[in-house]
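Feature annotation from TrEMBL assigns domain 'Inner membrane component' to 132-182. The transmembrane segment annotation in TrEMBL covers 135-160, 232-262, 317-337, 343-365, 377-398, 418-440, 452-471, 545-565, 597-616, 628-648, 694-715, 722-742 (among others). The domain 'Sodium/calcium exchanger membrane region' annotation in TrEMBL covers 348-462, 597-739.
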């Protein structure tokens, strides 16, 4: 929280504006950013007391105070984590929410500690064990797992030599039917068993009742030979069946995520409980007033489900990304082994390939963040510029190559739709959704309008402009045809403007509506022909303009990097300092080292290329047989699915009242689309000729321009609420409806 400034009010006789400014500073500095889980704070340096120099808010006007409050100090746990936090605020760097280093155990909340704890701790009674999660366990796993133990127990009794294990399975059948409120302990062999004389075991105030004395092989059969024979029968007939069943339960519960405690229960039962001699195991019911017995607790489960397991991570990787990783292997094997589509159709393979892109995008993002946090600024900038857009570029390039080989222009149109969909989605949907979700928790959210203005200015440079008439009077058009106003944009849409001004309008069919030669004509399937006169217009004028724009836009992007990261770093005013708090460890234990992150980055990129190749290979039947417009498929599925990890990061930042990073996530992606991805695709056509030309349809131009203008208007004052976010989301859905009902582009 913002520290109170002593003497900043009427004691010094300052004007009323100063006190208002102080309150404004405190309100803005209440934003704690993404450091809520770090136990650190986003704060201003403590101001001196009233007897010393007055604060900046007393000396300057409201405008100066607005600059003053933007100077923030971020406190981090170690140097690597501090570099990651600093990179989040840098223009052109990937924003990453998750930690790249292991957090100290003592700094975690009790909820998170419970997620990572083993099922061998006896806790006090937290209430009734009859919960929805426990009942779900009974319905999904408990009843048939218990029945299987009864059947195995019967088999063990039939073999006679496996009778001790049969008794164990009989008791475990009752345990796994409802394991909650029960405990399995490993105890030393009682001396009474060695003498084979005790008829009643020990009693305990802890677990209640007498200890059941289980048959001991040596007491019952007499020699160690029969003991080994009993174990051999168990390992051959009983253990494999139960291990297979527990493995199935473990995998299923792990994939459901909220039932991960059940997965731990099954894994521990397979690796510990079923491999111990029967006489070493005790199964008891817990009571609220009991005290644990002496001996190792192997299993003690209280709840089968925990909704907080969405936070669970394995070696720094979120559990969702871990669970989706096998999907990548299934996609690759199924796609390349079953190429004739004997097992599955193209629609299934396309869906699997598209879903596989999500975890690969996550691994690429974490690898980039890990390398950048452990390297200097130059290495981080190169890695972010090289691999920051690798997910989208791999798909676009493979689609263009396939379209060029088949001579199908539809692939190029789908790529243009995906580029426009990414731009519109990241400008409208991503910040709008973050505003809505963050606004539900926080009444009003503020952000650094000056830093957001850099991305907005670059976006406006890329697609902004004004409206005008896109046809010159010298064009040959049907009599009475009235040209509609078309955009006069800059940047990536400049070749589109050029083609509309100087291209020849060609229509497939025209009808005279008024039956008057000078009246209005209704024309269908009209487009601007750039190849008239053997393509002189295109090759002599449009193509050089396209290459010029493709060189100038990356240059503007580099200037933006130099402006924000070198000459005008005060726009962000981010200072990183270590937490000098008890219990904090300053030595960083990184999840992924630089070399490991680099290997994962390269492997993920390779798998991404393979999945993109499979997606483009099997998208053709969907484009030709689907009744939905190809425009809609491009701007929704192909554009937004690869960005889902970024959307999740933005939502997490917004929930922590750090809307600046939520907005920057969308802005940076949109800027990279216009200033890096599109120029790279254009330059790629020089080395590998494709059907991709930098001439977009009117629908793409209007949607992009309107989105950027609306975004600049919303972000003007540096504050927002859920209503403004709702406006952005609604406008995005309206544009999706327009694309849904639009006819398919020419060539599809």
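Cβ coordinates are placed from backbone N, Cα and C, and glycine is handled just like the others.
Automated prediction, rather than curation, is the source of TrEMBL annotations.
Beyond its flanks by at least six residues, the transmembrane segment (317-337) meets 98, 254-255, 257, 260, 309-310, 343-344, 349, 352-353, 355-356, 358-360, 362-363, 366, 591, 607, 610-611, 614, 617-618 of its own chain at Cβ-Cβ distances under 8 Å.
Sequence-distant contacts of the transmembrane segment (377-398) (same chain, six or more residues past either end, CB-CB distance under 8 Å): 87, 92-94, 357, 360-361, 364, 367-368, 371, 415, 418-419, 422, 561, 565, 601, 605, 608-609, 612-613, 615-616, 638, 642, 672-673, 676-677, 680-681, 684. According to DSSP, the secondary structure content of the domain 'Sodium/calcium exchanger membrane region' (597-739) in residues is 117 helix, 2 strand, 24 coil.
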